[in-house]
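Per Swiss-Prot, the features are as follows:
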type	residues	note
ACT_SITE	Glu136	active site, proton donor
BINDING	Cys19, Cys106, Cys205	[4Fe-4S] cluster binding site
BINDING	His48, His84, His134, Ser233, Ser234, Asn235, Ser278	dimethylallyl diphosphate binding site
BINDING	His48, His84, His134, Thr175, Ser233, Ser234, Asn235, Ser278	(2E)-4-hydroxy-3-methylbut-2-enyl diphosphate binding site
BINDING	His48, His84, His134, Ser233, Ser234, Asn235, Ser278	isopentenyl diphosphate binding site
Amino acid sequence: MTQHRPPLEIRLCGPRGFCAGVDRAIQIVVLALKKYGAPVYVRHEIVHNRYVVEGLQARGAIFVEELDEIPAAHRNQPVVFSAHGVPKSVPADAEAKNLFYLDATCPLVSKVHKQAMRHQRLGRHVILIGHSGHPEVIGTMGQLPDGAVTLIETVEDAHTCHFDDEDNLGFVTQTTLSVDDTAGIIKELQARFPNLAAPAAESICYATTNRQDAVRAAAPGCDLFLIVGAPNSSNSKRLVEVAEKAGARMSMLVQRAEDIEWEQIGDISVVGLSAGASAPEIIVDEIIDAFKARFDVKIELAETTVETENFLVNREIRDVELTVKDMAFVNGEHRVVGISKLMQGK
C-alpha cells in the first residue's frame, strides 16, 4: 500500500541562486583549468559556497588564502582572485612574484571600488557601510590608504561616529547587505551629516535586491522558509533575515538537503525556497527532491523579475569554449546560465 504523503506547497522564488558575478567567477576558474591545465590556484574561496569550492577542487583548483602558499614549482600556473575583490596590495604582490593572475572580482564590486576612490579623489573621507571581516569589505578598504575609510556596521555606529571634517564625507556600501537595514543606516548618516555625498550609482547590487524582493513577496503565510547558502555567505544570511521579517513563521539557512532538520520543522503546509547568489541550482533541485520524498509537493513559482545580466570573462580566456558539460556540476544538465552570451565580444 502506498504511504500517504501530506500535501505541501513550495513557493520557489525567482530570481534565486547564481548572479552574473558569481557565474562569471566560477566560469573563469573552469576556463582557466581548460586552457592552462591543473593546478589553477584561487586566492580565497572563489565564492562562499562549499559545494562549488569542492567541485572546483575535484577539477584541479587549489584554494589558498595568501599568495605565499603557492609553491615555487607552480609559480608559472595562473592564480585567480575571488569574486569578492582584493586590496590593491594583492595584485601588486602577484606582480612582484611574477605570477600570472586572473581577477574574478565581480564588476559590481569593482564599481564600488571606483566609487570609493572617486570620493577620495574629491577630498572626501569615505564611509563604508558593511560587515567587518568580510572579504568584500577588506577588498574595498584596501583600495585606499590606511585611515581613509571608516567602516559603519549598524545604525548605532552611524549615530555615534565622528569625523574631523563633517562637510566632506562620502559613502559606499558592501554589495550584499540588507536593503532595509542599509536604508536605516544611510538615513541616520544623512540626518547627522547633511552634506554626505552618495555614490554615483546604487552600491547594493541588483541581484541582492532582486533576491530580497522575491523572498519578501513569498514569505507571508509560509510555515518555513529555506535559504540555500553557506554560513559565511553575507547575502544568504540577509535572505534568512528578510524571510523572518516578512512573515515566515520560521526560516533556516541550509547548505545541502542533508542539513534540513526534519524533526524541528514539525507540521508544515507552505514552504518558501530561495538560494543566495553563490548557491548552485543543483542544490535547489536536491532540496525539492528531498521534500518530494516526504510530501505531495505542488510548486508555485514566486517570481518578481527576470534577470538577463551577463558579465564577460577575462580577455585572456575568451578563446576557450565553455560547454554545458563544463558547468553541469553546479547547474545540472538541464540548466546553463549565461554560457551563450558569455563568449560574445571576444
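Placement of Cβ uses the backbone N, Cα and C atoms for every residue, glycine included.
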For Thr175 ((2E)-4-hydroxy-3-methylbut-2-enyl diphosphate binding site), the same-chain residues 6+ apart in sequence with C-beta under 8 angstroms from its C-beta are Cys106, Leu108, Val109, Val112, Glu136, Ser203, Ile204, Cys205, Thr208
Where does Ser234 (dimethylallyl diphosphate binding site) sit by DSSP, helix, strand or coil? helix
Residue pair His48 (dimethylallyl diphosphate binding site), Cys19 ([4Fe-4S] cluster binding site) - Cα distance, angstrom, rounded: 13
Ser278 (dimethylallyl diphosphate binding site) CB neighbourhood, other CB atoms within 10 A: 31
Excluding near sequence neighbours, so keeping only residues 6 or more apart in the same chain, what lies with its CB under 8 A of Asn235 (dimethylallyl diphosphate binding site)? Thr176, Ala207, Thr208, Arg211, Gly229, Gly276, Ala277, Ser278
Within 8 Å of the centroid of the Cβ atoms of His48, His84, His134, Thr175, Ser233, Ser234, Asn235, Ser278, which other residues of that chain place their own Cβ, given that this set defines the recorded (2E)-4-hydroxy-3-methylbut-2-enyl diphosphate site? Val47, Pro135, Glu136, Thr176, Asn232, Ser236, Gly276, Ala277
Can you tell me the CA-to-CA distance separating Cys19 ([4Fe-4S] cluster binding site) and Ser234 (dimethylallyl diphosphate binding site), as a whole number of Å? 14
Same-chain shell around [4Fe-4S] cluster excluding Cys19, Cys106, Cys205, C-beta within 8 angstroms of the CB centroid, reads Ala20, Gly21, Val22, Ala83, Pro107, Leu108, Val109, Thr175, Thr176, Tyr206, Ala207, Thr208, Ala277
Excluding near sequence neighbours, so keeping only residues 6 or more apart in the same chain, what lies with its CB under 8 A of His84 (dimethylallyl diphosphate binding site)? His44, Thr105, Cys106, Val109, His134, Pro135, Glu136, Gly139
Quick one: largest C-alpha distance among His48, His84, His134, Ser233, Ser234, Asn235, Ser278, binding isopentenyl diphosphate per the record, in angstrom? 15
Residues near Ser234 (dimethylallyl diphosphate binding site) by Cβ (under 8 Å) yet at least 6 apart in sequence within the same chain, in sequence order, are His48, His131, His134, Glu136, Gln174, Thr176, Leu177
Including all protein chains displayed, how many Cβ atoms other than that of His48 (dimethylallyl diphosphate binding site) lie within 10 Å of its Cβ? 27
Counting across all protein chains, other CB atoms within 10 angstroms of the CB of Cys205 ([4Fe-4S] cluster binding site) number 26
